Amino acid sequence: MSDQRPILTTRQGHPVRDNQSMRTVGERGPATLENYQFIEKITHFDRERIPERVVHARGAGAHGYFEAYGTIGDEPASKYTRARVLNETGVKTPMFVRFSTVAGAKESPETARDPRGFAVKFKTVDGNWDLVGNNLKIFFIRDAIKFPDMIHAFKPDPVTNRQEAWRFFDFVAAHPESIHMVTWLKSPWGIPANYREMEGSGVNTYKLVNDQGVAHLCKFHWIPKQGVRNLTSAQAAEIQGRDVGHATKDLYDNIAAGNFPEWEFAVQIMPDGPNDHLSFDPLDDTKRWPEDQFPLLKCGRMVLDRVPDNFFADVEQSAFGTGVLVDGIDFSDDKMLQGRTLSYSDTQRYRVGPNYLQLPINAPAPGVKAHTNQRDGQMTFYVDGTGENKHINYEPSTLAQGLREADKPAKEYHQPVEGKLGRYQTSRTEDDYAQAGERYRSFEEWEREDLIANLVADMKECPEAIQLRMVWHFWHADEEYGRRVAEGAGIDLEKAKALPPLPGRAAPGQRLKAETYTDGSQAHKVAAE
Ligand code: HEM
């Protein structure tokens, strides 16, 4: 029977007749420079790795689809947004999702205590929409300029090449806004059992804009139909001892078995504006919007039903970004969202290449071909769709040829902006402890025990100055919380309580006073007397 398998070739299309031996002069002689087939093979191999993601390097991905309910809670979705992906029912919007850990390298254990990235690409009829979030729904910091410092402190020490608890807590001790996230992270919620049994969220605040040009602030959430399951440190250590990729395996095995994971999509909504009556700033991503005041309004569902054919092509090369929005979904002034939006496409032009959006995994859905006048650059794979006249790679053209602008919506949304350019703190009150304390008290006792044990182990690795300040923070979140960490780690609670407030910060719970700059502009910066 003849062998029907395809013939092995080089990328030049030449058939390969011997893939087992280099060309050498005689059986034991030297190799020669014109050995093209060998050189092509080895030099391509030498370039197989691209830089891993600077954060979220370890991940797994899956394809699936999204179906809108056409409603947001009990109301038509169109009341809030003109985004077709949330309005049109009976449409299966193709999706790609990448789950990840944050600090570890590309092959690091998936049992790490770390937030889990939850990055989603909707390939909608209006072009792509990316929602790049996490499972814990909040973040450590609320100003993007702090991100590189934060990541430096969380990633391995430049000398020891190990993640060091004292470096993590050295950063955290100076940032009370991170205590809420740390309380989640050091509890069992910091190690989700796998990627299927965890929540997701966009974390940052966005806007929904309707066809009247009216905007609402919103947060996006994923609710797993599988439920939520987390691990204690001991359970995670046991899994890690036999498998460092258990979460990828769980995802792939379940999809292969036809047990497709599913999440409901929900939004929280509040009117646009400063919302001064709230005790927290809705643009502060270190806070949750309390669900009793801002219920999760369901608006669709996502099903993951296909694993990638090739990990590198789809998962490694996938590129998500917070700037990738569709009409009807808009940016808020959340300072993290604004800073992130520069960072993602910037790193992807470096990590994957300037034409990363031409790759199938990142390009819009096949029915939504990109037509741009962007040309050339490394790895140009094709010329983006042009008009009839292929000479015209500019716009406008007096000949009325080439590409044209899209029609404007009937009612545009223009955000009013007024202010003095400057550097401001986001928080309107120094209320960085209330939600951390609520979270501590809402945990079940086994979760509190795991949280305290994890923090005690970390505190023992920290110098006294960091220990005292951390106990001061925990105590302000909840007195029992602070006391248990202090007792467990042998830290002097009275000495910790006697610390003064952090320089430049109001005392916990104190309202911030507007500081007036010499030019008359104001910023909430210092404690009210
Ligand atoms: C100012 C703050 C932030 C900056 C500058 C930043 C920057 C980055 C960068 C450079 C990457 C690598 C992207 C790539 O190579 O493709 C990344 C990945 C990621 N970030 Fe952020 N990030 C920030 C905050 C956040 C926050 C608040 C979240 C959670 C809501 C988040 C979630 C993610 C996720 C999920 C990924 C992985 C995306 C993927 O799976 O490819 N980041 N971030």
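Here the Cβ of each residue, glycine as well, is placed from N, Cα and C on the backbone.
Feature list (source: TrEMBL):
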ACT_SITE  His56  active site
ACT_SITE  Asn134  active site
BINDING   Tyr344  heme binding site
DOMAIN    9-403  domain 'Catalase core'
REGION    1-23  region 'Disordered'
REGION    499-529  region 'Disordered'
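Sequence-distant neighbours of the residue listed as 'heme binding site' (same chain, 6+ residues apart, CB-CB distance under 8 A): Val132, Ala319, Phe320, Gly321, Thr322, Gly323.
Look at Asn134 (active site): DSSP puts it in a strand.
Confidence over the domain 'Catalase core' (9-403), given as mean pLDDT on the 0 to 100 scale, stands at 96. Rounded to the nearest whole angstrom, the C-alpha distance between Asn134 (active site) and His56 (active site) is 11.
Counting every protein chain shown, 22 other Cβ atoms lie within 10 Å of the Cβ of His56 (active site). Residue counts for the region 'Disordered' (1-23) under DSSP (helix as H, G, I; strand as E, B; rest coil) come to 0 helix, 2 strand, 21 coil.
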